[in-house]
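Everything on this sheet refers to the single structure shown next.
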Amino acid sequence: MNNIWWQTKGQGNVHLVLLHGWGLNAEVWRCIDEELSSHFTLHLVDLPGFGRSRGFGALSLADMAEAVLQQAPDKAIWLGWSLGGLVASQIALTHPERVQALVTVASSPCFSARDEWPGIKPDVLAGFQQQLSDDFQRTVERFLALQTMGTETARQDARALKKTVLALPMPEVDVLNGGLEILKTVDLRQPLQNVPMPFLRLYGYLDGLVPRKVVPMLDKLWPHSESYIFAKAAHAPFISHPVEFCHLLVALKQRV
């Protein structure tokens, strides 16, 4: 069965859909879901092939976005973390009428380093793909450790991420590989210049996967968007700075 796992909480007049990152599932939001569901009608989603959304193989970004949209409210703020940021961005590009505001968290329109564009070196992503077939649990754990490195709470944040992964069955290797392929190949820098809705980009100053150098570059490329950097966060600011993170989303709600 190809079913997207979807949970709705709260009674707010604005809908907020949260999309998680690579290798993870919607349990990653448990540190903030109570707070957010007191302000929004909150939608927690396991991306196709991840967590409880079983029965999917590797999907393209476009197919992943369409699969998620089928169960979504008519209009919502879409928030995507890391890989989820690409999915939310794709939805904003193809179905702008469904997106009240777009929020990307520790995400890049182009994760892979290119000429004069900072990002993850393509051989690092290719290495992760190679290691997946050898020892995919260890590969996922390495990727998670990278996400919290450098923060004051790095160890406990990494434990929180690992617990999220281990709480549910691991995704299939081809699903994980497909997610890495999206991170390796997708480039939405130019298309996102023209999104019509409010667009908020959140970053961690210490993020080892999305270099902070991209922030001023995107400020220039997307002058209609707003950016905010969590000074002491890495790749998962909602885990290390949950109160500050929720404040920003509640403030955004007042503006849309």
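For all residues, glycine too, the Cβ spot is worked out from N, Cα and C.
Model, not experiment: these values are computed from the prediction.
Per Swiss-Prot, the substrate site holds Ser82, Leu83, Phe143, Leu144, Ala145, Leu146, Gln147, His235; the candidate it also names there, chosen from Trp6, Trp22, Trp29, is Trp22. Only Trp22, His235, from the recorded positions Trp22, Leu146, Asp207, His235, place their Cα within 10 Å of the Cα belonging to Ser82 (active site, nucleophile). For the pair formed by His235 (substrate binding site) and Asp207 (active site), distance between Cα atoms is given as 5 Å, rounded to the nearest Å. Here the candidates are the binding-site residues Trp22, Leu83, Leu144, Leu146. The one whose C-alpha lies nearest to that of Asp207 (active site) is Leu146.
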